[in-house]
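What follows is a short report on a single structure.
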Amino acid sequence: MRFDIVTLFPDCFTSVLSSGLLGKALAKQIAQVNLVNPRDFTTDKHRKVDDEPYGGGVGMLMKPEPIFSAVESLPILERREVILMSPQGQTINQPLLRELVSNYEQLVVICGHYEGVDDRVLHLVTREVSLGDFILTGGEIPAMALINGVVRLLPGTVAKTESLTAESFEEGLLDYPQYTRPANFRGWKVPDVLLSGNHAAIAQWRYEQQIKRTSDRRPDLLEKWQQEKKQGSREQGAREAGGVGGEITTDD
């Protein structure tokens, strides 16, 4: 996977790209990150990348020319997505990360700054993506989150691939509580079931805790999960009925 990050502040990425699993993945060439500064594509002596908005308004906008020139300087791979990090975009979630991993080999990520970008930049963009319903000073932090989320799903980044499926959001529910040694810390004890060695009981406890935690913290996710589960049950029932009796008929 190739990432081309268009940013006025490439130095922001140095530590993130050299640390932890992300740094190891880049060292193993599982992914490649290329940082491009639109200021390098300005043509005036002041290297100006922003200007006042037409019609008035607060703050400055990033000019379109340096962004277009920066993006157009990049190679175009066959499966490419051009993403603008924007609070108006689709919120990053696990299904989005999996879609990007499955469908693309190159992600061009444009980081806005100031009060945003000239709207004509959207002619370059195939998708707008947001970190959430709040405003930051620029698109760099959301871009880092996007890169991290995508890279950890690439084969070879995480040693134990089963850990990618046994975590929050992968099954539509939040993760269950987890504990390590000591079994008793300041009077807070690890639940007995986790010490029992009974794998079936542990699995049941974890499932129940997932539902409880999701209900307490993200009832919206629980409702969505329940609806999807119901829909899946109906579809399975219809398939089974069709398999046993041939066509499914309804009485008016």
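If you go along the chain as it appears here, the first residue is 1 and each next one adds 1.
Just so you know, glycine gets a Cβ as well, placed from its N, Cα and C.
Keep in mind the model is a prediction, meaning the values are calculated, not measured.
When Cβ atoms from all protein chains are considered, those within 10 Å of ILE135 (S-adenosyl-L-methionine binding site) total 6, not counting its own. In this structure, ILE135 (S-adenosyl-L-methionine binding site) belongs to neither helix nor strand by DSSP; it is coil. Per Swiss-Prot, the feature S-adenosyl-L-methionine binding site maps to GLY112, LEU131, GLY132, ASP133, PHE134, ILE135, LEU136.
According to Swiss-Prot, the compositional bias 'Basic and acidic residues' annotation covers 215-238. The compositional bias 'Basic and acidic residues' (215-238): residue composition by secondary structure is 23 helix, 0 strand, 1 coil, according to DSSP.
Annotated region 'Disordered' per Swiss-Prot: 215-252, in sequence order.
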Tertiary neighbours of GLY132 (S-adenosyl-L-methionine binding site) (same chain, Cβ under 8 Å, six or more apart): THR91, ILE92
Spatial neighbours, same chain, of PHE134 (S-adenosyl-L-methionine binding site) - Cβ under 8 Å, 6+ residues apart: PRO87
